[in-house]
Amino acid sequence: MKATTIKKQSFMQKLIRYKTLLFMLLPSAALVIIFSYLPIGGLVMAFKRFNYADGIFGSPWVGLDNFRFFFESGKAFTVTRNTALYNLAFILINTVLEIAFAIILSEMAGKWLKKITQSIIFLPYFISWVIVGSIAYSLLSYETGTLNGILRAMGVDPINFYGEAGWWPLIIVAFSAWKGVGYGVVVYLASILGVDGSLHEAAAIDGANIFQRIRYITIPSITPTVITLTLLALGKIFRGNLDLFYQLVGQNGTLFDKTDVIDTYVFRMTIAATDVGQTVAIGFYQSVLCFITIIIANWIVKKKDENYSL
């Protein structure tokens with residue numbers, strides 16, 4: 001009996017075969033090229049004293065002076081530390097809550113109750129950070145805030161949240177979870193619903209309770225999704241959510257020690273500084289840190305299980 005030989009397709013043959021998928025990919029690829037790859041040419045501004053008269057390539061070179069300005073400003077360590085710690089907290093707390101809510105929803109018996117609960121959890125995701133900032137002020141204002149009104153009614157001294165920086169790591173993490181968890185719940189719920197139902201049925205017949213089924217079937221089944229989303233989040237660990245921090249904190253310098261992140265610092269620099277090269281240098285520094293982090297994290301995952309790496 002002759003062995004069947006499989007002819008390897010050339011690159012062009014694969015393009016022709018999968019042309020429909022290629023056409024579906026083109027719009028996204030075009031957006032990535034236009035907004036992610038073409039702007040890379042502007043990184044040259046990080047090494048120049050940019051002026052609008054000479055343009056990007058005509059401005060004089062200054063070497064590493066723009067980076068030196070950032071590191072000698074006294075803010076580099078603070079904003080880098082805050083950005084990393086906040087994002088680590090977001091990843092850890094949001095992931096735990098997303099998985100927990102997704103499992104709870106998957107185990108709910110009532111169809112309408114499940115849909116209503118899912119909608120309530122997902123709704124904050126669509127609320128603008130501008131509105132969230134207004135909600136936060138309505139709750140936390142010293143004079144008119146709802147929370148301080150309750151404290152006064154109970155005979156407790158009100159708290160000046162906008163004058164005490166120590167409260168804000170907790171406040172920011174709480175609002176981030178409230179607004180962002182709903183999206184992750186949908187992703188994890190879809191992953192859970194993709195698990196073969198016969199596994200749960202067989203486990204139930206064998207006497208496994210709900211907690212045992214969750215531990216030994218559900219969680220292992222969604223582990224690849226958890227790792228992938230965590231790796232993608234780690235790739236942005238040195239990028240602060242400007243909308244979140246600016247809308248909640250604004251220009252309140254009293255809170256900057258605990259709330260200032262790289263993005264808010266760059267935002268203020270962009271407004272105040274005449275040299276755009278300094279802000280580009282900080283953005284480049286930010287991108288390098290993100291790149292190093294995702295490479296290390298992916299390498300660690302690959303060492304544990306190559307199937308889970310990106």
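Every residue, even glycine, has its Cβ placed from backbone N, Cα and C.
Those TrEMBL annotations? Automatic predictions, nothing curated.
Some features that TrEMBL has for this protein:
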type: TRANSMEM; residues: 21-40; note: transmembrane segment
type: DOMAIN; residues: 80-297; note: domain 'ABC transmembrane type-1'
type: TRANSMEM; residues: 84-108; note: transmembrane segment
type: TRANSMEM; residues: 120-140; note: transmembrane segment
type: TRANSMEM; residues: 167-195; note: transmembrane segment
type: TRANSMEM; residues: 216-238; note: transmembrane segment
type: TRANSMEM; residues: 282-301; note: transmembrane segment
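Each of 21-40, 84-108, 120-140 was scored by its Cβ pairs under 8 Å to the transmembrane segment (216-238), and the highest score goes to 84-108.
At the 8 Å Cβ threshold, with sequence separation of at least 6, the transmembrane segment (84-108) lacks contact with the transmembrane segment (282-301), having fewer than 3 such pairs.
Contact count against the transmembrane segment (167-195) (Cβ pairs under 8 Å) is highest for 120-140, out of 21-40, 120-140, 282-301.
Non-local neighbours of the transmembrane segment (282-301) in the same chain are 43, 46, 67, 70, 80, 227, 230-231, 234-239, 262, 265-266, 269, 308-310; each lies 6+ residues outside the stretch with a CB under 8 Å from one of its CB atoms. Here the transmembrane segment (120-140) has Cβ contacts under 8 Å with residues 101, 146-148, 161-162, 171, 175, 178-183, 185-186, 243-244, 247-248, 250 of the same chain, all six or more residues outside its ends.
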